[in-house]
Amino acid sequence: MNVGKTNWTEEQKEAIDTRNCNLLVAAAAGSGKTAVLVERIVKIITNEENPVDIDRLLVVTFTNAAASEMRERIGDAIVNKLCENPNSRVIQKQLALIGKSKITTIHSFCLDVIKNNFHMLDLDPDFRVGDETEIILLKNETLEELFEDKYLQAEYTSKGINKNNNSIEFLKLVESYCGNKNDQVLFNMVMNLYNFSMSNPEPYKWLKKAAERFNVDDDFEFGDSLWAEVLMKNIQIQLLGMKGQLIESINIINSCASIESYRENLEVELSMLEKLIVASNNYEKLYEELKNVQFKTLKRCPKDADKEKQKLVRDLRDGVKKSLSKISEDILSQNSEEIKEEFKVLYPLMKTLSELVIEFDIRYKDKKKKRGIIDFNDFEHMCLSILTKSDESGNIVPSETALKIREKYEEILIDEYQDSNMVQEVILSTISRKDTENPNLFMVGDVKQSIYRFRQANPGIFLEKYNSYKENKDEKNRKVLLYKNFRSRKEVLDSVNFVFKQIMSVNIGELDYDDNEKLNLGANYEEIEENLISHSAELNIIEKSEDNTEIKENNEDEESVDNIMLEARLIGRRIIELKENFKVLDKNTNVYRKAEFKDIVILLRSTKGWANVFSDELKNMGIPVFADANSGYFDAPEVKTMLSLLQVIDNPRQDIPMAAVLKSPVGGFSVEDLIDIKVIEGDTFYDKLKVAADIGDDEFSVRIRTFLNRLYRWRKESLYTPIDEFIWYLYTDTGYYGYVGAVSGGIQRQANLKMLFQRAKIYSETSYKGLFNFINFINKLKLTSGDMGSAKILGENENVVRIMSIHKSKGLEFPIVFVGGLGKNFNLMDMNNPVLFHNYLGFGPEYVDYKKRISHKTLAKEAIKNRIRIETLSEEMRILYVAFTRAKEKLIMVGSVSDIKRSVFKWAVNLRSNQNKISEDYVLKSKSFLDWIASAVIRHKDAENLRDIMDTSKENIDNLVCDPSSWRVNVLSRNDVLSFNQLLLEEEKNINEKLTQFYKRLKEIRSSNYESVYIEEIKSRLEFKYRYEKAAELPSLLSVTELKRNINEDNDEYATKIFTPSLVKKPLFLEEVKKMSPSERGTAVHSVMQHLDFSSISCDMSIKNIRHQIDDMVFRRILTEKQAESVNINRILKFFQSPIGSRVIKAEKVYREFPFQIRVKSTEIYNDLPKIYDDENIIVQGIVDLFFKENDEIVLLDYKNDYINDENLNETVKKYTYQINYYKRALEIVTGLKVKEKYLYLFYTGDTIKIE
């Protein structure tokens, strides 16, 4: 199935070998574009006749992971070339230069340009990149200060202290779009507009131009505006859809003479529609033509007329009337004069909005400058300012710096070109020779996979070149189409093509899915007869409601957990069937094998609210699952508890957080306790607690006093401790970290707490400090960035089913792909914002009369709303394409509807059409992926059971789309899905019944005179012992310490001696106060040795120097005071004064607390295991105290704090030799270097013992 390195298609060869032109490679999904890009680069740099050094190529990718993979693949290819031609100096040179290669992300390239030319900017050379946390806080702070200043200026103006019309307009802006509650709407508007404008090469110019569009003069005609042009195009799509509906109505009349009386009305209305379509090229003409729209009453049909056909025609006609009425309402609501007056009112508001964003950016830049930081927007815009200048006409042209960089690169290669934005396009254009006689721009991508418009990616950049570049070989601007897919089976490709050739068009999808765009088979899958499940595409539709009488059409916006569970259960059942009965081609062995869990992925448009439900349901069905979700973190109980504790420490007079803490394991109070506290006198829980603490000396009062004392200590500690260290201090002081580790799901819970600590650590490195600011940051993070996914504790190579968003799946492939949640409505909520933004059309505001408190949408907003809807649905279509094209062997779609009959009638609108494509009007009005998929599939011969749901199913339908794809369409009720679990229970019950009958029969046999041979045979089968039963007792993982501990023990009883799981450490808050044990003192010494700054240590240093470092460790919460006091500093000093200590200080590289894992045969660890266990491996893990390099060899050092005397010295050395030898073995495996010496250092005696 894999494409061989030399077995390129003709199109791939052209993409690899074409030179001396600007080349656009349109690469379909699975067409091997990365392999082509790598081969092109390798051929350029290893050309013996005309080689180009790799550091003279600029390769731009859009993620760091992609850049790393590209560099690695190119490096491997160079090595392969060198093996073929080991004496080539050209190839040798390229291998040496690979480290200097410019294979980078666009942001990394921009950062390099900034660093090399910072003198051209007003930028501190010691600038740093601001952390995301810091940037969010700084933006919010800047905008809040700006708003405060505007309010203050407005107040001064109202009092006549100064005259500032701008501040008055600011208040009007607030009044118009914020209502009476707060100014959050305007705050979000400014922030969103700022982020949006930054994708423009000249944001200030764009902002001012967008506002000036409303500065109309007396000659202004709306019909000549860009808004009218967009409105007309959208209306034309709708009118063509209406025309199709009327033609369908007339066709029904043609087949049914009993409703012939409807024909005259419909033909008149069809003629009226055709006039409107002609007029839709001109706003004024359409305006006049709409005035003539009228629908006369339909003539009566005979009593014996076909009622079904009669209703169908009337419904189609009513749909046309409704749509046309909406268009008339929008267009005829205002004439040009009224629009002009409205724009004059809006102009000062839009101008103020633009100026507000510009002023915000100026202030934000100033704050960043003072802190010496830049953000990701600065990467591109600062780079742009270095590489460009304006000519006399104000046009952007390359600067002298850009021209110098242009000379450096022989070719510029851009991967994932469909995801570029305008700023990136200008940057790369300035340093390329694309407009010269020697063009050198290579661009590869697939516009059908452009799914990052929310990051301001602009697929129009790719499309402009795609539509203008030619395929001719002698063209300066040339394109090559890679249309073969080497990933998927024919069944998958056919089903993808069948859907998209019907729904994707230039108007919706921004590309016509024709023969040039369809996926063509390139993979070579051998047929496999023993598969019990076909490779046909599957569409599973669940009717999620039992009672269809009260269903609202739009209720798919918010799914209940119960409804999501239905899809999860259906998918779970299908996974179980596939695992048992489906075979996949193993990519490593190229041999068919049974499907495993890791072969399966479940893709969702959004994981929020879905992934956790899916995960829980699949786990309940015994299916291991890994959900790569971006939500659920802040809802985790352990995270909520710690955040509540932080809030209480910051301000204890907050009842809800206080109640949460008291009821948690940290507080240890019951619900009954809280009720008792609640009735005590006081305004807040905190006040009540203080009263209760003084009531008496009973157990309840003592517990409260203990809690308040701890709270006091925590509050005091928070004042001078960095937030990350303070959080970890709370984990240990409360014992909460240990507690959550001991309960169900402990590993995940502890990982979530670690994630909170890491977030605090990042925060503490910013210019913001303090507990209050951190809590404020977390609250804003919830509001602005939304939730985060829980900490990841499962690796990506585990044998589990994966759940992920479609966006995260881009670039990946899986043998079996489920696409779920297809019935969920598209998210078009952003179109309801009071002011819309569009790169081409500018602003689309609502008109608001804040004095009368009335508002209505403007035609400018309606135009932008229509345009955004088309662009959003085009993006959604591409997202669906990405989801479908992840599948290699099996594609399964799952969606839910409320009323299956109503949905089928909606999908069947295009069923009688003789057009291959579904009408654009229908595609535009669709509300979900399922609407698109089902309306296409219902036209396929295999969807008979879907058509059977319609009452007209007996009618012969001649317009099914002829297509080679094969489909399996299933329609299930809610009860069908819920019965899956019942079936599983019944199967289990049947097995139990059979076992009961078997044992009953066995008793009869034993009591009868049957031949003893049969009894012995049955007995032997029942008492059968599995040959490898000891494998179940072997551990998967052992520590070196456990090996050492058991080396001298009899290891026959594996489970009891070694593999008894250790209990989770008892939480600190449950432990009694006691002296430190020898092992705890040893841990303290190890911590000191791990964190000592060796670079500041010399052989003649004093105890004072070491004491200072240990005190610093206490301050940083690395050690407790108790641990620090237990450390014998003289012994530490003695170590560094020893010969081995001196070598450590002088070593070129020292590694401390180095963790490792190695695979060891079980028979090597347990000598008495039979040879049949040779293939059973055990992971041995450990931590090496210290090793250092000397002349590319390793010196290993293990140190111990044990009590040693002359009597037990030899025994101690012998005890640890086994352990040290494992360390040696591990280091040689992991580092590839030889361990030349091994030492054991004994702190108690100061002896250094060489281990032979």
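The backbone N, Cα and C atoms fix where each Cβ goes, and this holds for glycine too.
The ATP binding site annotation in Swiss-Prot covers A27, A28, A29, G30, S31, G32, K33, T34. Residues annotated as domain 'UvrD-like helicase ATP-binding' in Swiss-Prot, with sequence analysis given as evidence: 6-489. Per Swiss-Prot, the feature domain 'UvrD-like helicase C-terminal' maps to 523-811.
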* Structure fact -> Here the 10 Å Cβ neighbour count for T34 (ATP binding site) comes out at 18
* Measure from the Cβ of G32 (ATP binding site) and count the other Cβ atoms within 10 Å, all protein chains considered. => 23
* Asked: Can you tell me the mean pLDDT for the domain 'UvrD-like helicase C-terminal' (523-811)?
  -> 83
* **Cβ-Cβ neighbours of A28 (ATP binding site) (radius 10 Å)** => 24
* Structure fact -> Other than A27, A28, A29, G30, S31, G32, K33, T34, the chain contributes near ATP (Cβ within 8 Å of their centroid) the residues V36, D446, L482, N485, F486, R487
* To do: Specify the count of other C-beta atoms within 10 Å of the C-beta of S31 (ATP binding site).
  => 28
* What count of other C-beta atoms do you get within 10 angstroms of the C-beta of A29 (ATP binding site), across all chains shown? -> 22
* Structure fact -> K33 (ATP binding site) falls, by DSSP collapsed to helix, strand or coil, into helix
* Asked: Tell me, how many other CB atoms lie within 10 A of the CB of A27 (ATP binding site), whichever protein chain they belong to?
  -> 28
* **Surrounding CB atoms that lie within 10 Å of the CB of K33 (ATP binding site), all protein chains** => 21
* To do: Using a 10 Å cut-off, grab the number of neighbouring Cβ atoms around the Cβ of G30 (ATP binding site), all chains included.
  => 23
* Asked: Which state, by DSSP, holds A28 (ATP binding site): helix, strand or coil?
  -> coil
